Amino acid sequence: LVLSLAWLGPALGDEEKDEEVVAEEEKEKEEDEVLSDEIKEEDNVLVLHEHNFARALSEHQLLLVEFYAPWCGHCQHLAPAYTQAATQLRNESSLARLGKVDATAQTALANEFNITSYPTLKLFRNGNRTHPLPYTGITDTQGIVRWMQRRAGPSATLLHDIDTANTFANSQDLVVIGFFKDLKGKAAQAFYEVAVEMVDMLFGVAEAAELFQAYGLSVDTVCLFKKFDERQTNFPVDPTRGLDTAEITRLLRVHSLRLVMEFNKETSNQIFSSKIPHHMLLFLNKSSSEQLALQDGFKSAASTFRGEVLFVVVDVNGYGADVLSFFGMTPADAPTLRLVKMENNRKYQMEQDSFSDTAIHTFIQAVLDGKVKPHLLSAEPPEDWDTRPVKVLVGKTFEQVAFDETKNVFVKFYAPWCSHCQAMAPAWEELGERYKDREDIVIAEMDATANELENITIHGFPTLHYFPAGQGRKMVEYKSARDVETFSKFLENGGMLPVEPPVVTKTPGNSTGKEDPSVLGTDETRDEL
């Protein structure tokens, strides 16, 4: 046995030594790989770090780089579309490539390019490291591909003759052709810039005199061709000011929409992103032929307000059913009209619905001229609204409570579906219990999805406002911690938090990265029709 152990001992020792050597060799190998400028790929996406970044820029004329964090939910959501776009570009032998950087591990690169949120996408052109361009496209596969393709090749197709131009103009639902007598002039160059950004439309250019004549043009003109509404819309270039890229982009966006849009899953993003300041809505039941006939007068009124008011038809029993509560409506209220001012979601309605083009035109003009007051939603107050520790306010009771000159009123504006509101509800109830016997302090709440106020617009949930006693209708927004003790300090100090001595702490690392968009912070927001 002793002999056996004596024989096994050295062998076991040698095995442990061999494992240590292997581990050390693997560690050195990993360090060599990190220090190497070799560029590896994952699903056709270049894996970039501090030591191979310069090589990647030198080898790839167009390189879109995603700076991500492994824990970021938005990054994880983007990943499939990003890899699919990378694969499609690679298969097309495009000059454009996609890369990625773990910004939490590659802090030098994150600091160099000022990465403060995830994911951040930047485009590097021709090896230029100092002036990358921000990604401005849609973050789905085709959006990324089209955005990169426009930058890899000509942003607009040169059209030489009438047959080619006609075929091109009819090739898609929306086609833009710029007619310029000098394709090297400033107007044409500005047009190319617009084409690079508007990747969801097909762009062409023409300079041949026969093409000007064929399309009835005599001066430099940008033309939008559509397979709906008017076939050709012309935007002549101002000979003095030239082609304003922002203005022509706005005009193309406005006129690319149908004169009357139908609200559905496919069009909702177009409607909300149109940047048209007012939306005129016709709510109807599409199963009723009588109600469908009302669209004629609605459409007749639309052209006058193009660019200022977007006309939208909403089916109350279809996709539009989900937005009815925002207007305090039910399907039984159809047919009816509403106008929405998009900057503050103020809603306007006729005293008596009238669906003729003249009546609609007159109503819209009156709203635009400031002659119509907004229609404000208000729920009915519960019978015990003012006997609860937390008073329940509605639109019609808000003024008398919040602006009572003898009381300091602290109001929580919430949405029933908001998880942040639900999380702080117990603290708000406890606060109400704590101050229920105070004559000078009122703790209240209001469902901001069912009630609206003329001079206060709520953008996120929960929103907390403090209305101090006294004259002047003052309002203070509370933006600190949402716990009972901090709330109490705020109330006891007259609507402000006492100044606390600064606490110096050491923060590990220097990353300030956060998920983008910012709605993952403390408030919940929503898009609304």
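Heads up, the Cβ atoms here are built off N, Cα and C, so glycines get one too.
Mean per-residue pLDDT, taken over the domain 'Thioredoxin' (10-153), amounts to 86. The domain 'Thioredoxin' feature in TrEMBL is assigned to 10-153 (among others).
Among the features that TrEMBL reports, region 'Disordered' is placed at 14-36 (among others).
Per TrEMBL, disulfide bond is recorded for Cys72-Cys75 (among others).
The feature domain 'Thioredoxin' is assigned by TrEMBL to 367-496 (among others).
Of all the Cβ atoms in the protein chains shown, 22 others lie within 10 Å of the Cβ of Cys421 (disulfide bond). Feature annotation from TrEMBL assigns disulfide bond to Cys418-Cys421 (among others).
If you look up TrEMBL, you'll see 498-529 (among others) marked as region 'Disordered'.
Cys418 (disulfide bond) sits 24 Å from Cys75 (disulfide bond), counting Cα to Cα.
Around the Cβ of Cys72 (disulfide bond), the number of neighbouring Cβ atoms within 10 Å comes to 20. DSSP labels the residues of the domain 'Thioredoxin' (367-496) in these numbers: 36 helix, 26 strand, 68 coil. Cys421 (disulfide bond) and Cys75 (disulfide bond) are 26 Å apart (CA-CA, integer value).
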